[in-house]
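Q: Here it is, the structure in full.
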Amino acid sequence: MALKNKFIVAMFASIFIISSLTFLLFDGGINKNFNQSLPPKWKINIGKDGNVEYLNDKKNVNENNENNNNHHNYNNANNHNANSDHNNANNNNNHNNHNNNHNNHNNNHNNHNNNHNNHNNNNHNNNNNNKNGNNNNNNNNNNNKNQQRIQNTENHNQQSFKKKESSNIKDNRHKLPRFKDESHNPFNRIDKVYKENEKQNIERSSKVREAMKFSWDKYKENAWGHDELHPVSNTWNDWFGMGLTIVDSLDTLYLMGLKNEYNEGREWLEKELKQKKPTGLMISVFETIIRFLGQYCTMYDLTGDEIYREKGRELGDLLLHAFPEGKPFPHTSINLADHRSTTQSWMGECVVLSEVGTIFLEFNHLSKITGDPKYKEYSDGVVDALAAMKPTIKGLLPIYVSMDAQRFCNSRVSVGAMGDSYYEYLLKMWIYHDGREERYSTLFQESADAIIEHLYKVSPKGDGYITIMDYDVPTNTQEHLTCFAGGMYALAAVSNITGGDVEKDKLYMKVGEEVTKTCTKLYLTSATGLGPETAYFNQNGEIEFSGHSAAPHYILRPETVESLFILYRLTGDTIYQDWAWQIFESINSVCRTNNGFAGVKDVSNIHTQFDDNQQSFFMAETLKYLYLIFQPSSVIPLNKYVFNTEAHPVKIQYQ
């Protein structure tokens, strides 16, 4: 009997030891392959570059590009041959496809679906909208009350922040870097290498410029005055009813020196754009702010043209009607003509984090250029409410928040869809104010550190990426939308937001480089040379473009080339230019149709079909970043401008 008991004890001990070893060896948690929890030691060796040699070798990059040319050309020809069949399909599914694509973008560049549903349904369900709108008619008179409420409640907050600002001004640790001459400018490391490759840079930027002119000309020819062009079916759509593509493209046209095209757009804006026109559409507050209001701020900075300030003031006043009385956050949708505002019915009394957390830059700058503080005061009310909320993991806010800022409506944490630009704007607001508003530094570092600890992963093959977390469980996916974070971390590393913490600055730069490298790899390893909407990293480190919540479509997104642009400016490493050029060539080869550019449904299939939409952000963001990466540092220098999330540059407010 004693021998039997000893045998049982030994068996259970063996099971315990084997289970423990299995748990320790299994890559089931954040960063378990290469690092344990990163803070507070801030380990730097967080990637294994050896497994992505072709990304580090310029020769291999060029060879890979040449090897893919035949695939791109065949894919392009195949798409054109399939146009007649695709047109027939689009006659029935055009708006549905557009809905699906915009679903990914609007909720921080991922919530178009809801707004597009409003657009599509409005054409057939105006009666329903009117009935719904009647419930919100009382909002029409709330704006003045709201302004008084915000002004009263903000007086105390403003006084306390002024005290903080005064103490911060005395302490230069958290200001943007000061430098004696351009050779010491941490935001610009490209002057020497740009000059060395000037001829190539001019040739490449000229080809990007040609793609922009082609896109504009085809839009003008087939969809002028409407929001976006469908280049395959040669039709158009309206989900704002305000000539979205014209307005969103103005600064790109201006920066590229396309004077005739710019003048056409500016003339249309002055003579034809009526922001209070009764279109019957409930439009996205978030998208209106980043695309229209952001553009007005940018064009006023670039030109000093009074029309942009006046359009911005008018739109800003209209958007304030989206703020319901007694609540810190704006509704998600608004009718600019009658001031009705609402949230999506399926969301109840909740709103999207990125939508309410992406008004800071535009509202602050509107107050700056108009001299009216009310827009900033509304923005301050939003950031104060978000800062007071207590998520389970400090710094990581779930993507749905209640209108009264008292609770989170789910547990999903994402730096991509429905979360992205909130985190992006924490850094950019600190930069915009030259470090004077310390709350943004605190909030950003809490978030950036928590993202690294809980969301940043390194696959068994050494690919660093930022995943989504559901119920505290990582999904092992990364969205294309998240690829902006590479540039965000790199920009944070050089901006002095850490107050001179050298180790953390190095960590931020390393994370920025690794995420950007992985996002580029998604392009360079696909059959079409294009990056998927969502990629999945399996337990072997292989990247999958479908299944496991992956999504293989590409809708002309800008986030990867945005990070490449920032990394190139901050490091002077021309590999980022080479990667950007390869991506442009893939876009130009695969996505170009006879009547404009369109996304594709499956980046892993050279026989893929078009999605039949020339997104306005393709012209506002993707082509702009591709153009700027081959321009000298004097064109939108990063120590003088900060980009809003729609790539509209706004002047930094030094004091």
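Even glycines carry a Cβ here, placed using N, Cα and C.
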Q: Cys483 forms a disulfide with which residue in TrEMBL, given the options Cys409, Cys519?
A: Cys519
Q: Provide the number of Cβ atoms within 10 Å of the Cβ of Glu559 (active site), excluding the reference atom itself.
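A: Taking all protein chains shown, Glu559 (active site) has 26 Cβ neighbours within 10 Å.
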Q: State the Cα to Cα distance, in Å, between Cys519 (disulfide bond) and Glu533 (active site, proton donor), rounded to an integer.
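A: Here the two Cα atoms are 11 Å apart.
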Q: Indicate the candidate from Glu287, Asp420, Glu533 with the smallest number of other Cβ atoms within 10 Å of its Cβ, considering only these active-site residues.
A: Glu533
Q: Test of understanding: give the count of other CB atoms lying within 10 angstroms of the CB of Thr645 (Ca(2+) binding site).
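A: I count 27 other Cβ atoms within 10 Å of it.
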Q: Which whole-number value in Å describes the distance between the Cα atoms of Cys483 (disulfide bond) and Glu559 (active site)?
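A: Pair distance, Cα basis, whole Å: 5 Å.
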